[in-house]
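**Q** Okay, these came from Swiss-Prot:
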| type | residues | note |
| --- | --- | --- |
| BINDING | Cys48, Thr50, His70, Cys178 | Zn(2+) 1 binding site |
| BINDING | Thr50, 203-208, Asp227, Arg232, Thr273, 296-298, Phe323, Arg373 | NAD(+) binding site |
| BINDING | Thr50, His70 | alcohol binding site |
| BINDING | Cys100, Cys103, Cys106, Cys114 | Zn(2+) 2 binding site |
Amino acid sequence: MSTTTGQVIRCKAAVAWEAGKPLVMEEVDVAPPQKMEVRLKILYTSLCHTDVYFWEAKGQNPVFPRILGHEAAGIVESVGEGVTELAPGDHVLPVFTGECKDCAHCKSEESNMCSLLRINTDRGVMINDGQSRFSINGKPIYHFVGTSTFSEYTVVHVGCVAKINPLAPLDKVCVLSCGISTGLGATLNVAKPTKGSSVAIFGLGAVGLAAAEGARIAGASRIIGVDLNASRFEQAKKFGVTEFVNPKDYSKPVQEVIAEMTDGGVDRSVECTGHIDAMISAFECVHDGWGVAVLVGVPHKEAVFKTHPMNFLNERTLKGTFFGNYKPRSDIPSVVEKYMNKELELEKFITHTLPFAEINKAFDLMLKGEGLRCIITMED
């Protein structure tokens, strides 16, 4: 048994004290895990755009002071009452959404949207008792999406922890706990392109490139990348993208351009930007009779999707997805195995590595649009 089991652990954490201000490295107290919770030692975390979005807090409920971070990998330090599936020393990925295994969603093979542990960006406390497990001088520091991985130790509900192969390199597979799995699963689990098919990917950021990687793994023969930034195409080739379309280069709607390129439309499309015009284009560019469009990007809350009903009546299908339709505990371990079996390449997503003390540099890189994923090493 760990000497820290049942004890408060004092450790370093990068605290967001207020919106848009640099994170501050603080000494925080991390309470022991309560019923159905685990305390994790975080070894590697990466920065996702969602962290930046809620750090800026321009359009959402500001919850501060807070410990952000949700893409990470670590080791179980201790477990709370009732936890039987995990033990100290297990290698794990904390996930921003969960799988209680008891609700109707968890019991359905068609859903990964757990009723109990579905992502909640406003909640800054644990669901067990409505309290935070983090504090500084007795004052609570709030959690973020149930994970808060910008801390050397964190407490997470057991349903939000995926136990993985202990041989998997944590500094690589940490990126699978959010964006990469979201894009990959959108293609493999929802769009389901067949070998030799054509796929259009809208948005060539990390999630879009993960969707392209899924199309490459599925054996698509044409992978058309759509982005307003022409400089992204060279990098996209590494992920299987064969052609590039910049909507700014054409006077006609991009869906018409793609339809002309592909003799009536692509077999599948995956939209990863969240811009409503791109969503409409992604749907209208798929072939009638069998085309499937999948929406991944999160739109503005006032956005309205408009298309003519004949696009549906002509047998086009529109689908949405959340976290690539992966159930965190049941499915993410198998995604790690795809990497271990060399089916999935993760190294090309990782463009920067920084020590924990320089975490604010990772925010700067993302705000400048430089790189894809920056791995933050927690131990010096």
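Cβ coordinates come from backbone N, Cα and C, glycine included.
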**Q** Would you kindly give the Cα-Cα distance separating Gly208 (NAD(+) binding site) and Cys100 (Zn(2+) 2 binding site), rounded to the nearest Å?
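**A** Cα of Cys100 (Zn(2+) 2 binding site) to Cα of Gly208 (NAD(+) binding site) measures 29 Å after rounding.
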**Q** Inside 10 Å of the Cβ of Arg373 (NAD(+) binding site), count up the other Cβ atoms and send me the figure.
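**A** Counting Cβ neighbours of Arg373 (NAD(+) binding site) within 10 Å gives 24.
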**Q** Take the mean position of the Cβ atoms of Cys100, Cys103, Cys106, Cys114, the recorded Zn(2+) 2 site. Which other residues of that chain put their Cβ within 8 Å of it?
**A** Gly98, Glu99, Lys101, Asp102, Ala104, His105, Lys107, Ser115, Leu116, Leu117, Gly159
**Q** Nearest by CA distance to Arg373 (NAD(+) binding site): which of the binding-site residues is it, out of Cys48, His70, Cys103, Cys106, Cys178?
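**A** That would be Cys48, the closest of Cys48, His70, Cys103, Cys106, Cys178 to Arg373 (NAD(+) binding site).
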**Q** If you draw a 10 Å sphere around the Cβ of Cys48 (Zn(2+) 1 binding site), how many other Cβ atoms fall inside it, taking every protein chain shown into account?
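**A** Excluding its own Cβ, Cys48 (Zn(2+) 1 binding site) sees 24 Cβ atoms within 10 Å.
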**Q** Take the mean position of the Cβ atoms of Cys48, Thr50, His70, Cys178, the recorded Zn(2+) 1 site. Which other residues of that chain put their Cβ within 8 Å of it?
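**A** Nearby residues not in the site list: His49, Asp51, Gly69, Glu71, Phe96, Val145, Ser177, Gly179.
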**Q** Using a Cβ cut-off under 8 Å and a sequence separation of 6 or more, which residues in the same chain sit near His70 (Zn(2+) 1 binding site)?
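**A** Long-range Cβ contacts: Cys48, Thr50, Asp51, Pro94, Val95, Phe96, Phe144, Val145, Thr147, Ser148, Thr149, Ser177, Cys178.
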**Q** When you measure from the Cβ of Ala206 (NAD(+) binding site), which residues in the chain that are at least 6 apart have a Cβ under 8 Å away?
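**A** Cys48, Gly179, Ile180, Gly183, Phe349, Leu372, Arg373 - these are the non-local Cβ neighbours of Ala206 (NAD(+) binding site), listed in sequence order.
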**Q** Out of Leu204, Arg232, Val296, point to the one nearest Cys103 (Zn(2+) 2 binding site) in space (Cα versus Cα); all of them are binding-site residues in the record.
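**A** Going through Leu204, Arg232, Val296 one by one, the closest to Cys103 (Zn(2+) 2 binding site) is Val296.
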**Q** Roughly how many Å separate the Cα of Cys114 (Zn(2+) 2 binding site) from that of Val296 (NAD(+) binding site), to the nearest whole number?
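**A** Given the Cα positions, Cys114 (Zn(2+) 2 binding site) is 18 Å from Val296 (NAD(+) binding site).
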**Q** Distance check, please: Cα of Gly208 (NAD(+) binding site) against Cα of Cys106 (Zn(2+) 2 binding site), rounded to an integer number of angstrom.
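**A** Each residue's Cα considered, Gly208 (NAD(+) binding site) and Cys106 (Zn(2+) 2 binding site) end up 27 Å apart.
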**Q** Other than its own, how many Cβ atoms are within 10 Å of the Cβ belonging to Cys103 (Zn(2+) 2 binding site)?
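**A** Its Cβ has 17 other Cβ atoms within 10 Å.
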**Q** Tell me the Cβ contacts of Leu204 (NAD(+) binding site) under 8 Å, same chain only and six or more apart in sequence, or just say none.
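**A** Non-local contacts for Leu204 (NAD(+) binding site): Ala212, Gly225, Val226, Asp227, Asn229, Arg232, Phe233, Gln235, Ala236, Val241.
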**Q** Looking at Cβ-Cβ distances, which residues of the chain lie under 8 angstroms from Cys106 (Zn(2+) 2 binding site) while being 6 or more apart from it?
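**A** Sequence-distant Cβ neighbours: Glu99, Cys100, Cys114, Ser115, Lys327.
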**Q** For Val296 (NAD(+) binding site), which residues in the same chain are close in space, meaning a Cβ under 8 Å from its Cβ, but six or more apart along the sequence?
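**A** When sequence neighbours closer than 6 are ignored, Val296 (NAD(+) binding site) has Thr182, Gly183, Ala186, Val207, Ala211, Val270, Glu271, Cys272, Thr321 within Cβ distance under 8 Å.
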